[in-house]
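Student: Right, I'll just put the structure down here and ask away after.
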Amino acid sequence: IRCFITPDVTSQACPDGHVCYTKMWCDNFCGMRGKRVDLGCAATCPKVKPGVNIKCCSRDNCNPFPTRKRS
């Protein structure tokens with residue numbers, strides 16, 4: 001499987017059986033910059049703390065950097 005990986009947001013090969021993930025959360029600059037985003041791959045979908053959103057998927061490049069909605 002190939003997943004996008006931060007910080008460069010490049011597509012990289014991950015080991016067989018791994019999943020891609022997109023993890024998003026707010027920090028002190030959330031109001032100005034939007035949510036922080038971490039892209040990667042892992043053996044299983046990572047467990048996250050409350051307030052952190054995570055989406056896992058198992059297709060090539062299924063975790064692109066999310067686009068920010070314009071108001």
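Just so you know, glycine gets a Cβ as well, placed from its N, Cα and C.
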Student: If you have Swiss-Prot open, could you say which of C20, C26 makes the disulfide with C30?
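Tutor: Disulfide mapping in Swiss-Prot sends C30 to C26.
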Student: Tally every other Cβ atom lying within 10 Å of the Cβ atom of C30 (disulfide bond).
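Tutor: A 10 Å sphere around the Cβ of C30 (disulfide bond) contains 11 other Cβ atoms.
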Student: How many whole Å apart are the CA atoms of C45 (disulfide bond) and C30 (disulfide bond)?
Tutor: 24
Student: Among C3, C14, the disulfide-bonded residues in question, whose Cβ has the most other Cβ atoms within 10 Å in this structure?
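Tutor: That would be C3, with the highest Cβ count within 10 Å.
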